[in-house]
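The next block holds one structure in the form of structure tokens; read it before the comments.
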Amino acid sequence: MNDADLDTTETLEQGPTRGNRLYPRVTSFRSRRGALTLPQQESWDRCWPELGRDVGDDRLDMDAWFGRSAPVVLEIGSGTGTAAVTMARAEPHVNLVAVEVYKPGIAQTLQQIERTYDTDTPIRNLRILRGDAVEVLEHMVAPESLTGVRVFFPDPWPKARHHKRRLLQPPTFALIASRLQPGGVLHVATDHAEYAEAIAEAGNAEPLLTSLDWESPISHERPVTKFEDKAQRVGSSITELVWGKIRA
Ligand SMILES: C[S@@+](CC[C@H](N)C(=O)[O-])C[C@H]1O[C@@H](n2cnc3c(N)ncnc32)[C@H](O)[C@@H]1O
């Protein structure tokens, strides 16, 4: 996201009206217009009914959606899906849910999934939720139901006046921790040094999270995304943070 865009529109994001609830609040993303290309739209039309859902108020029945019972891992802010697609392939035993607000990014993810259908290893274990991950966690995900949560390169909102928009703050840590099963894992990666410190502080202060001193139930192997590649080329170092949900 281009920081210059933000200066012209420093407002509270007006959330959508759902039912009779209206919830204006600061969100970790800005609405971005994004038209789909024709191939993206065609892929969307073919895949979305099976693979995607819009955020809603109802609890998701993950087993029914995936057509099987398996450990569920949620990736927040999956962008164009590079990590989600690679990791879904590497972890066929996991039901992976990618959450993203940016429609063209989701469309690119669908295209990548579709491309695997002609291969020997079609991806069948990845689903996509379109909307705010905070709402997803609050309304759609049952407490203590997730084996893992991944947040790779959350928008750093580097200006002090935008810090309130950061996704990874104490209330989000509490929410994520409440949705993790005991022994489940939260894996975060960021290229922003100051945000990394703030994330570490908030994560370490969350009473339901602890350092992981047992074998992780999820893989920590990430592919390098285009976003990360760009960060590395300008010399940013990457910080990886991992916590486990307390087991007793
Ligand atoms: C900096 S990008 C990183 C994308 C991807 N993880 C990567 O490494 O390439 C952050 C992404 O998080 C998404 N995002 C930000 N806040 C979100 C939220 N509350 N719920 C879902 N997605 C969100 C943005 O739309 C954007 O695609």
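Here the Cβ of each residue, glycine as well, is placed from N, Cα and C on the backbone.
Taken from TrEMBL, the feature region 'Disordered' covers 1-21. As annotated by TrEMBL, compositional bias 'Acidic residues' applies to 1-10. Per TrEMBL, the feature S-adenosyl-L-methionine binding site maps to GLU75, GLU100, ASP132, ASP155. As annotated by TrEMBL, substrate binding site applies to LYS159, ASP191, THR225, LYS226, PHE227, GLU228.
Projection of TrEMBL feature records onto the structure.
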residue : record                               : DSSP (3 states)
GLU75   : S-adenosyl-L-methionine binding site : strand
GLU100  : S-adenosyl-L-methionine binding site : strand
ASP132  : S-adenosyl-L-methionine binding site : coil
ASP155  : S-adenosyl-L-methionine binding site : coil
ASP191  : substrate binding site               : coil
THR225  : substrate binding site               : coil
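Within its own chain, LYS226 (substrate binding site) has THR80, THR82 as residues 6 or more apart in sequence whose C-beta sits under 8 angstroms from its own.
Only GLU100, ASP132, PHE227, of the binding-site residues GLU75, GLU100, ASP132, LYS159, ASP191, PHE227, place a Cβ under 6 Å from an atom of ligand 1.
In this structure, the C-alpha atom of LYS159 (substrate binding site) lies 23 angstrom from that of GLU100 (S-adenosyl-L-methionine binding site). Cβ atoms within 8 Å of the centroid of the Cβ atoms of GLU75, GLU100, ASP132, ASP155 (the S-adenosyl-L-methionine site) belong to the same-chain residues SER28, PHE29, ILE76, GLY77, SER78, GLY79, VAL99, VAL101, TYR102, ALA133, PRO154, LEU167, site residues excluded. Note on proximity: among GLU75, GLU100, ASP132, ASP155, the binding-site residues of the record, the Cα nearest PHE227 (substrate binding site) is that of ASP155. Annotation for GLU100 (S-adenosyl-L-methionine binding site): spatial neighbours GLY77, SER78, GLY79, GLY81, ILE106, THR109, ILE128, LEU129, ARG130, criterion Cβ-Cβ under 8 Å with sequence separation of six or more. All protein chains considered, the CB of PHE227 (substrate binding site) has 15 other CB atoms within 10 Å. Looking at THR225 (substrate binding site) and GLU75 (S-adenosyl-L-methionine binding site), their Cα atoms lie 14 Å from each other.
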